[in-house]
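See structure below.
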Number of protein chains: 4
Amino acid sequence: MLGTLLCNPNFKFFTLSHKTYICSKLIIMAGNSYGTLFRITTFGESHGEALGGIIDGCPSGITLDLEAIQLEMSRRKPGQSAIVTQRKEPDDVQFLSGIFEGKTTGTPIGFIIPNTNQKSDDYSHIKDNYRPSHADYVYEKKYGVRDYRGGGRSSARETASRVVGGAIAKQMLPDIKINAYVSSVGPIFLEKPYQDLDFSKTENNPVRCPDEESAVIMEEYIREIRKQGDTVGGTVTCVIQNVPIGLGEPVFDKLHAELGKAMLSINAVKGFEYGSGFCGAKMKGSEHNDLYNSDGTTKTNLSGGIQGGISNGMDIYFRVAFKPVATIMQKQESLDNQGNITEMTGKGRHDPCVVPRAVPIVEAMAAIVLADFYLINKIY
Amino acid sequence: MLGTLLCNPNFKFFTLSHKTYICSKLIIMAGNSYGTLFRITTFGESHGEALGGIIDGCPSGITLDLEAIQLEMSRRKPGQSAIVTQRKEPDDVQFLSGIFEGKTTGTPIGFIIPNTNQKSDDYSHIKDNYRPSHADYVYEKKYGVRDYRGGGRSSARETASRVVGGAIAKQMLPDIKINAYVSSVGPIFLEKPYQDLDFSKTENNPVRCPDEESAVIMEEYIREIRKQGDTVGGTVTCVIQNVPIGLGEPVFDKLHAELGKAMLSINAVKGFEYGSGFCGAKMKGSEHNDLYNSDGTTKTNLSGGIQGGISNGMDIYFRVAFKPVATIMQKQESLDNQGNITEMTGKGRHDPCVVPRAVPIVEAMAAIVLADFYLINKIY
Amino acid sequence: MLGTLLCNPNFKFFTLSHKTYICSKLIIMAGNSYGTLFRITTFGESHGEALGGIIDGCPSGITLDLEAIQLEMSRRKPGQSAIVTQRKEPDDVQFLSGIFEGKTTGTPIGFIIPNTNQKSDDYSHIKDNYRPSHADYVYEKKYGVRDYRGGGRSSARETASRVVGGAIAKQMLPDIKINAYVSSVGPIFLEKPYQDLDFSKTENNPVRCPDEESAVIMEEYIREIRKQGDTVGGTVTCVIQNVPIGLGEPVFDKLHAELGKAMLSINAVKGFEYGSGFCGAKMKGSEHNDLYNSDGTTKTNLSGGIQGGISNGMDIYFRVAFKPVATIMQKQESLDNQGNITEMTGKGRHDPCVVPRAVPIVEAMAAIVLADFYLINKIY
Amino acid sequence: MLGTLLCNPNFKFFTLSHKTYICSKLIIMAGNSYGTLFRITTFGESHGEALGGIIDGCPSGITLDLEAIQLEMSRRKPGQSAIVTQRKEPDDVQFLSGIFEGKTTGTPIGFIIPNTNQKSDDYSHIKDNYRPSHADYVYEKKYGVRDYRGGGRSSARETASRVVGGAIAKQMLPDIKINAYVSSVGPIFLEKPYQDLDFSKTENNPVRCPDEESAVIMEEYIREIRKQGDTVGGTVTCVIQNVPIGLGEPVFDKLHAELGKAMLSINAVKGFEYGSGFCGAKMKGSEHNDLYNSDGTTKTNLSGGIQGGISNGMDIYFRVAFKPVATIMQKQESLDNQGNITEMTGKGRHDPCVVPRAVPIVEAMAAIVLADFYLINKIY
């Protein structure tokens, strides 16, 4: 099987080295905030009382469309279609501060998303077990203690808070258009360039692929995978239009570097490329350079709308790779905390393919990154 | 030609949208620091008096091997072989603080790298011109003013300061082994997994490919490209071994997210993938999951040494895509600041292929990321 | 009256210059977080649905004493005695994440404090009015919009969240003893040095002055002031004992600089001094220097336990000045938003003197500062 | 003597508790940067090769007056008059980046100040000795290693870099007027309010007191103190005029909290008060409240130009207390690193009174704080 991984010939996927250190006692989790001026900080475990967060830096005087926010939540929530997890979580967001008489006041926006549909006993079987390719083992080794119910903090449920932040960021940036969609599911690729797609069709099918034909094939494939008790990976492509020139802070905080980090911080992401991406590495300069039109636009856009880390006004586009969900409904070996190899079968209600629900998360993180750079520059 | 970009079928590389905003007057460059506790801040333009930086957070009491630092500088410097730029820059680093009687004192390490070989008149032809796929245009639009000599701040010359920071980070983390190498040049790929390579051979050839056979073919190809007055992209692979369990700060500052940002912040980088990467997106969960051995190691390592954003003690490996250098020695259209399309031919001494010199930069940024997470956790 | 301000002869307290700028549209509130590794972010307005916050960086594995946290809340809450505001707010804190089976998990601790006793109509009279020496005017000018109910975000009610953070920081630092107390109320000063006080008596009286005699006089004075419909300022002294050597990060983040900022960020604070403080400015070096004992302790401690910005193991002590509460029950001029001078009398239930309730807030902020430096150094 | 410290009756200046912890091995110095958007990072020891720093966030397009910067350096430099240290250091600043054709480019401004007049052998006598009330002891305990020449990083020489940053901040904020002056030397106080002073006279005398009569008495006193081989403390008052409404970021980053931290981070500072300060703590609300004029200005200004942490357009004024310089030319006990009490007499060329040279440093730090808040708000 591994022989098919032709595009990555320089790796073999088995172990060589391994080193165990004993952790010190004071271990913290430092990375729960994102952004400098527009900043989201999240909290919450999958099976605690509530998730939530604080959005810092949302300008005052913005009339928030709360329904639009809830709509984004619904795009991410479980149970929305037959090809995603059948958990029923309403994912209702409750705002506790920062909004007065319908408008933002410039003060921090606190919000919670109550956890209403926890079935914690679904997870008792993993209390003493480390599921393969999950974060169970590293959390226990790092923190010495672990909320084992549904992955705890490592669960993708945390992304619900990001969607709230992204929905508000989108309303702060009304001119900028952010459209993500599923561009591959397993081996099935959408073969059309984004310019030939109609983004308004993305929500027409449960896969969130704007090309109907491809969507049908992808959906069928996911159903088949689910029947096998298996899961499959995929890619999400995101296109950002109407971006002002000048966003991005070189040298370290280049616009694409920050977009890359934001995407790679989403659960299950394994890769990020923008513009010509990995293909660009095969090309010559004479092929790759984007020649100018006299108005400063470019004839081609292999740069992906970013040059030297700064937006140049052209479309920004990038692609994000998601691995298959680790929880499968087949028998698999796992490790218990006594060092025994045991056998387990996934329980609970899990996604056979994560990318349809990842689409709003990708958009949300993109919006958060843009909002932050927008404030740093305050371009208008 | 563009038809060959099969791995990215969902993009067409030409323009659609473009929007010009007028920038406000107070425009700053915010992103000149990297890291939280181990933190490097750099300054300097390619043709100013000096580059330099400050390394904050290097622990006290470390006996610094200054020759080892200078050696890393030599791996990055121009003019080191026939297939890189023929500029002669010694890139001597001078330390101004933070070291006393050979040891670090815990105080910030200030350093400068004098610019000795500037030929600023090489660049007078671009004073009023925006070279295609360079940062000229966006810097001028964003900042309203631009040091046009050799790219100014946007020049890859800035990475010399990063190599200083990385060399110190490596000495702070003596057990961790970081080895990068060239894994492709244009269409030529090194077809061996990293486990079959001998990293000690990487420095034996000017391409920095540890496989001699591949290195010869790559070198020949680069010479051919240079003869054409053209440039070519490539990829660098990096392998990190002996990493303690527990580095990485979910949810936003996952270890791979920070590594991704660090790599994407290097000039000319277009993509990043770790572990199974984009290939992983094609796979099924039953294929992708890394089963455990009873000692907590895993039988395969598609996770790439990171689970849930935290190192699990297995090898970390990732791949970085570099686009071809934009300055080519062929006639090309450019845009002048009056809105005229003009014709120009690259001057100066540029690299036909950036990846051989990028190898030490990739290692440096990896070391800086690890040093920072190491301090946040202080695992030992 | 102003003639009595002898200790500040170089100020006259009336207006000279004033400049009005028009604010830009994108105004954010950036400062809702405190700390680098141990970090609290708060949200909430006095009359919104809830206050709350997120504590980031609390190490894993700490068994939290929730009753001790609630006890700190009770020290701060309104209505606890006859000399503070008679508002009845239970100030019950609800934890939503970061704690599992009684222990911290290292993940962010999210919490809310519901607002149960809001009487928003108490504030309708200030909707269009700017109360003197309140934040009404600047909030409206800065943000363009204002939650006028009870001061909104500028209300000292926000400090409830800080007390939660401080209570957790205290449990993280069990060896360090932090004791604050009221050292003056208006013109009445506690004339004893802290070394002659028994801190266990601080909670024995509603003033929170550990000297019974002084406490009686202070309490009587506050009752008298309240009868007049007036308010009065005071000072809080804080003593921190058992501090390890080495906390503090010069040059900018000196331990006392951060303590100073933390105290000055509390509502109504006008000054901060530590060690010899303003008195030290009158002294000679030969008087002020703290001579060593052979074990590294010092014979005197005018340094206040901090030298060069770093704790030296001696007691840290400092004094914080609070101005009188601005809301008084007497007729006063105010300004309405049409530029008319109007007359108003304070309504609602306000404190005649803020310092008794400020004691736990001072302790909380001190604990947060120490916890952060402790983690940065991880001294043990 | 200690009996005279009447204004601080609640402290006794001798030791009670002391606790020695053993430091861990990885000790870093984290606090070498100040500011969020306008950000200065400094490096350098008093007797290393050079001091220097990086100014991040200075907007592009500002024509820098380099002579004005050097003039500020001259106000701070040693040897400028008979009442300050007689060390001769030219303190010439060399800019290495960020300026092109006389204008800022928006990129980081790197600079160095070479150390030309180091007499390191002046300090060999303190190699194994901890001078009383210096940072020698805590640096050695914290970092395990110490650059003992002239205080190393803990020397006030580091403030030269701050003056560079402040001088640039001042040029970025041309409308805002920042004037500091000496308001007391030891027991001698300038008895006039700032409104009765002519700031243009501050530089007319070596004390930097704008009141000629007081300046003469202060100067005489300092000469007398120096003859005794002693030193003396003092206070600096700072007045900031023409501040736009709206600077400051509550709740934690209140304008006065940040000003307080900035001042307390200057060497030898023991206290900070703004507006009514410690006097305000004695007052009643009916006395303290600043009533409005119909244009939004206030009739009095006990608030000190800041309400709720936000500038209200009135004059900002504050007072900073400096302790006496610890190095005296009298015999004194010190501690050697073997735990022996020894006797030593100060050598080298030190200031008998630090406040005259502190005036430009206070102004510089104030300017840096304002520049940062200005950019965060971008008010114009």
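Just so you know, glycine gets a Cβ as well, placed from its N, Cα and C.
Bear in mind that TrEMBL entries carry predicted annotations, made automatically and left uncurated.
Quick look at what TrEMBL lists:
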type	residues	note
BINDING	B:Arg76	NADP(+) binding site
BINDING	B:Arg153, B:Ser154, B:Ser155, B:Asn267, B:Ala268, B:Gly308, B:Lys323, B:Pro324, B:Val325, B:Ala326, B:Thr327, B:Arg349	FMN binding site
For B:Val325 (FMN binding site) and the residue listed as 'NADP(+) binding site', what Cα-Cα distance in Å is obtained after rounding to a whole number?
16
Measure from the CA atom of B:Arg76 (NADP(+) binding site) to the CA atom of B:Lys323 (FMN binding site) and give the result in Å, rounded to a whole number.
18
Least Cβ-crowded entry, counting other Cβ within 10 Å, from the binding-site residues listed as B:Arg76, B:Arg153, B:Lys323:
B:Arg76
Sub-8 Å Cβ contact with chain A: please pick out which of the binding-site residues B:Arg76, B:Ser155, B:Ala268 have it.
none
By a 10 A CB contact count over all chains shown, which of the binding-site residues listed here is most packed: B:Ala268, B:Val325?
B:Val325
With Cβ-Cβ distance below 8 Å and at least 6 positions apart along the chain, what are the contacts of B:Ser155 (FMN binding site)? List them in sequence order.
B:Glu45, B:Ser46, B:Asn267
In angstrom units, rounded to an integer, how far apart are the Cα atoms of B:Thr327 (FMN binding site) and the residue listed as 'NADP(+) binding site'?
19
Proximity to chain D among binding-site residues B:Arg153, B:Ser155, B:Lys323, B:Thr327, where any Cβ pair is under 8 Å:
B:Arg153
Taking the Cβ of B:Thr327 (FMN binding site) as centre, how many other Cβ atoms lie within 10 Å?
24
Roughly how many Å separate the Cα of B:Arg76 (NADP(+) binding site) from that of B:Ala268 (FMN binding site), to the nearest whole number?
15
Would you measure the largest Cα separation among B:Arg153, B:Ser154, B:Ser155, B:Asn267, B:Ala268, B:Gly308, B:Lys323, B:Pro324, B:Val325, B:Ala326, B:Thr327, B:Arg349 for the FMN site and round it to whole Å?
44
